[in-house]
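Engineer: Structure in structure tokens, see below.
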Amino acid sequence: MSDIKPIKKLLVANRGEIAIRVFRACHEMGIKTVAIYSEQDQQQMHRLKADESYMVGKGMDPVAAYLNIPEIIQIALDNNVDAIHPGYGFLSERGDFAQACADAGVTMIGPTPEVITRMGDKVLARQAADEAKVRCVPGTPDPVQNFGVAKEFADKHGYPVIFKAAFGGGGRGMRKVTRPQDLEEAFNRATSEAKSAFGDGSLFMEKFIERPRHIEVQLLGDKYGNVVHLYERDCSVQRRFQKVIEVAPAPNLSSEIRDHMTRDAVRLAKHVGYENAGTVEFLLDEDSTYYFIEVNARLQVEHTVTEEITDIDIVHAQIRVAEGKSLGEIGIAQHNIFPYGSAIQCRMTCEDPTKNFQPDTGKITVFRTAEGMGIRLDSASAYPGAVISPYYDSLLVKLIAHANNHERACAKMLRALREFRVKGIKTNEPFLVNVLRHPKFLAGVLDTNFIDENKRLFKFEKAENRAQKLLYYMADVVVNGPSTPLITKIPPAKIIPTVPHVHEVAKLSGWRDILTEQGPEAFAKAIRAHKGLLLTDTTMRDAHQSLLSTRIRTYDLKRIAPFVAQELDGLLSLENWGGATFDVCLRFLHECPWERLETLRELCPNIPFQMLLRGANAVGYTTYPDNVVYKFCEQAVKSGMDIFRIFDSLNYIPNMVIGMNAVRKAGGVVEATVAYSGDVSDPSMTKYDLTYYMDLVDQLVAAGTHILGIKDMAGVLKPQAARILIGSIRQKYPDLPIHVHCHDTAGTGVASMLAAAEAGADIVDCAVDSMSGMTSQPSMGAIISSLERTPLDTGLSLAPVAKYSAYWEQARQLYGPFECTATLKSGNSDIFMSQIPGGQYTNMHFQACSLGLSDQFEEVKRMYSVADNLLGGLIKVTPSSKVVGDLAQFMVQNKLSAKDVQEKAAELSFPHSVIKFMQGYIGQPYGGFPEPLRTKILKGLPPVEGRPGEDMPPLDFAKLKEELTTQWGDIITDQDTLSAALYPDVFRDYKEFRREFGPVDKLDTRTFLVGPDIADEIEIQIEKGKILHIKLLAQGHVTSQGNREVFFELHGQLSSVAVKDKEALKVIHVHPKYHKNHIGSVGAPMPGEIVEIRVKEGDRVEKGQPLVVLSAMKMEMVVAAPCTGTVRNIVIEERMKLEGDDLLMDIKPDEPQNQPQ
């Protein structure tokens, strides 16, 4: 056969993976290659894989550039191109393109122009099938010219019907319609999509066959009338009429049907004079009747699986046939073609399956592929740093698995999918995994309804994506500064605190053994029977109130916990939870307080844990329904808490009794606590005298406390006062364990604790030496040393205390940004006059210094006493102390005297905390509210009589948990539900933060606070056996969109993260984002281009009404109204390009909607 024209140089009129697939075949065959690329594709890999590359369609739309026939032909002529391969999509089924090639003397790799025109036109192809005696689905004989014709066909044949693009495939321009009212919208959308994808919006219609299998036969023909089939593929796994997974050969297809179907396909091809590669597609119904639907006169996306089972390179064959060789000359004959094994192709796409497969765009930051026997990858733009644009098809990579049967091919594919790691963009990988694991797919029982009918395919295992989220967090801190507000200018030290060595022991023992084995009552008796003084270590919660103590992270607590459990097992308890640390964990440290408690319990099983419980306020600052307090205590005990120090900021017994009853019911140790103010050793201080305190003790004993606590928040319990108060209690209640807590603000803490012990106290609080003194608790080492070889000897050794102290001395340097000694250099005995609690003293002193008002701190302290007197002289513990402090600051700022406040109270706008106190929301103060000041401040607001939470209805925990599950889509635990009940806004912010930044509690403290420095190498253990190795390399310049790229090494591989530079955004205009929590805020569901806006400002819209048509990756989506209302403002224009979540418009709802919280 002499009519052979060797191809020496070939141009691919396409892009992406199919262009590279053809280039690879050409390189193997010694053929030079030419790529074309649009302006938007200048960085795409396909142009780099060719010997030459040329831009096409400069200034044109991205898709139109690849449809520019005259320019493509001219590029071919200018560069001595012999042949053009059209790939699939774009011009591959355009007869006019094939004719233009022929007219220019350039070989087109594909059928003749006449055959492409005939087979590419779905209507003409049906006519050819009829002529060849191949059964067809009922359909329109000609393209549907208008909606009227479409309606007439649907009325005649009934629903469902389907629109198909007359000049293309791939699901573009295809719409199934099941209801008459949807017909016109589907017609318009299909027409628009077909025109955008193929340059021609012509459609035809067919009766839709229910539950068919989609089977296609691969053909090869030559110029001499020879046609062979390469067996069939099953393409039934589809969504939106686009193939997702293809299998060859079709599973569970009888040999009889296979023979008939392949014979019909070959007969049709011969009838029309088909040459080169093509596919004949059929629908196989439930009765095993098959119908011809179309011919794809081109190479198919899924040709790969046929190549795998037949070992025939279809692209090689295409080129050789186009040169003029016969099938026989290239070694292809029907009797030599046999299918071997089974092959599966998965199309991994840039789509988010959790958001209805919305296309995703952006930069790929991590890309790790699968490899191994039987795995093939065909891709183009899949590599770290690749930018996925919204202009083209969402296909990222084709993943092909081949094995000797379908089941083993599924196993290989599933393994390969799990090996993949793609970060920076969303992919459909979780969905593909679900399909591959489904029993029906594994059994090969497939039809086109498979995806729609198996909703479990859309239940995805949550992808934690922890490494990438942590990179994003570190990048954000590097670019925008700390996520946790830093208070001082002292940076965290570059130090890793040394953990003292711990010798392993067979079993840890301690005071908790008595509690767990014998219960709270026996535990209390054992305390009382103990001869020496017992200590509670507050280092893990209360040391240096309130900044430093609340900012200590679990990361540093759990490192030292095993040492404490073994070497300090003689401690009565560890105060490590509750009070202000609960909400600060969520609010500033972005970690779960419940996880902290459970982690420490696991590491320290032998020492009882102690927490601070604010009576009816639990660990909050407001009043809750009683069942919230009960539920909280129940969960706290389950999570590992033992002793509950229960107090009320006003010593209001009814509030305390709620907490006491809740703890007792939960099985915890009740330590009802008297908050101490005043001075019982001073006869002139008559309000809070010994009689007052003894009366409180009587009530708490009567209420059933296991231990009595004395809580001196300000550090004003003088040694003599301790002897009087503790001595009196001990004399009246010889069997009652007494536990004393104080702050060392005045420097008298050790003396007072020793005096209390000598007077009969069983337990005193202290902090390890390096964390003690001033507004913290007295020194542990000092108390131990003072009592050595005395009847009150603690039994604890100084040696482990010194090691414990050394650890915290180093760790404290990490918390320089919260270091109280930045401004507070020593204790101060004037605390006996102001009686400011330790934590509040620290905060107020720092605030004064940071504002340059350190010289006015004396005035602030003086005014604190004035404010306290105005309020009637309160017991001062959070939140009552805050009321006094807020009033004092209000008076200083407004230069008000006590007389001014009393005379002008009706005119002044007091702090919110003062008003709530006067209403009675934190309880009833001893001696009542100050009148007439209370009446003046309330200005008619109703007062609360009695216990504030007494009349509150119970919280519905089941309903709250259901709402949280709906809102977050995560597994919501009982602990989460409690956190949300106590701090709804704080919990929401915590969840949003963790969703965005991941498990930041795994970061070391310095990295968490200020991020890494350039070249810092960091190890992050995210779970047992999984350690991330990260190195910060650099950060880039600010882009026009306000982004700054930050570069890391992750396990030695380059990884980058784009972060919005908040400072840059102040001067750069960026399109606004929609508000997720506002029901009327309408956002772009995916990146793309605005095709049509169907409303204008002021229009009334109904919920579900179409508002905007958005196009991305050649797919159009209608954005509907989320509510009924009036369009307020539209911030988009047609042809505007948007990112996902960009604001489209705002709608004012007709009536208040239930907003997500």
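The backbone N, Cα and C atoms fix where each Cβ goes, glycine too.
Not measured: the values here are computed from a predicted model.
Reproduced below are the annotations present in TrEMBL:
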BINDING   LYS122, GLU206  ATP binding site
BINDING   ASP542, LYS711, HIS741, HIS743  Mn(2+) binding site
DOMAIN    6-456  domain 'Biotin carboxylation'
DOMAIN    121-323  domain 'ATP-grasp'
DOMAIN    1079-1148  domain 'Lipoyl-binding'
MOD_RES   LYS711  N6-carboxylysine
MOD_RES   LYS1114  N6-biotinyllysine
Engineer: Whole-number Å distance between the CA of LYS711 (Mn(2+) binding site) and the CA of LYS122 (ATP binding site)?
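Structural biologist: Between the Cα atoms of LYS711 (Mn(2+) binding site) and LYS122 (ATP binding site), the distance comes to 86 Å.
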Engineer: From the Cα of GLU206 (ATP binding site) across to the Cα of HIS741 (Mn(2+) binding site), what is the distance in angstrom?
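Structural biologist: Computed Cα spacing between HIS741 (Mn(2+) binding site) and GLU206 (ATP binding site) is 83 Å.
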Engineer: Please report the Cα separation of LYS122 (ATP binding site) and ASP542 (Mn(2+) binding site) in Å, rounded to an integer.
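Structural biologist: LYS122 (ATP binding site) and ASP542 (Mn(2+) binding site) have their Cα atoms 78 Å apart.
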Engineer: Which residues of the same chain, at least 6 positions away in sequence, have a Cβ lying under 8 Å from the Cβ of GLU206 (ATP binding site)?
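Structural biologist: Long-range Cβ contacts: VAL137, PRO138, GLY139, THR140, VAL161, ILE162, LYS164, ILE293.
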Engineer: Could you give the number of helix, strand and coil residues in the domain 'Lipoyl-binding' (1079-1148) as assigned by DSSP?
Structural biologist: 0 helix, 39 strand, 31 coil
Engineer: Provide the number of Cβ atoms within 10 Å of the Cβ of LYS711 (Mn(2+) binding site), excluding the reference atom itself.
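Structural biologist: The Cβ of LYS711 (Mn(2+) binding site) has 23 Cβ neighbours within 10 Å.
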Engineer: Which one is it: of the binding-site residues LYS122, HIS741, which Cβ has the fewest other Cβ atoms within 10 Å in this structure?
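Structural biologist: Sparsest of the binding-site residues LYS122, HIS741 by Cβ contacts within 10 Å: LYS122.
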Engineer: For HIS743 (Mn(2+) binding site), list the number of other Cβ atoms lying within 10 Å of its Cβ atom.
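Structural biologist: Counting Cβ neighbours of HIS743 (Mn(2+) binding site) within 10 Å gives 32.
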Engineer: Looking only at Cβ atoms, how many others are within 10 Å of the one on ASP542 (Mn(2+) binding site)?
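Structural biologist: The answer is 30.
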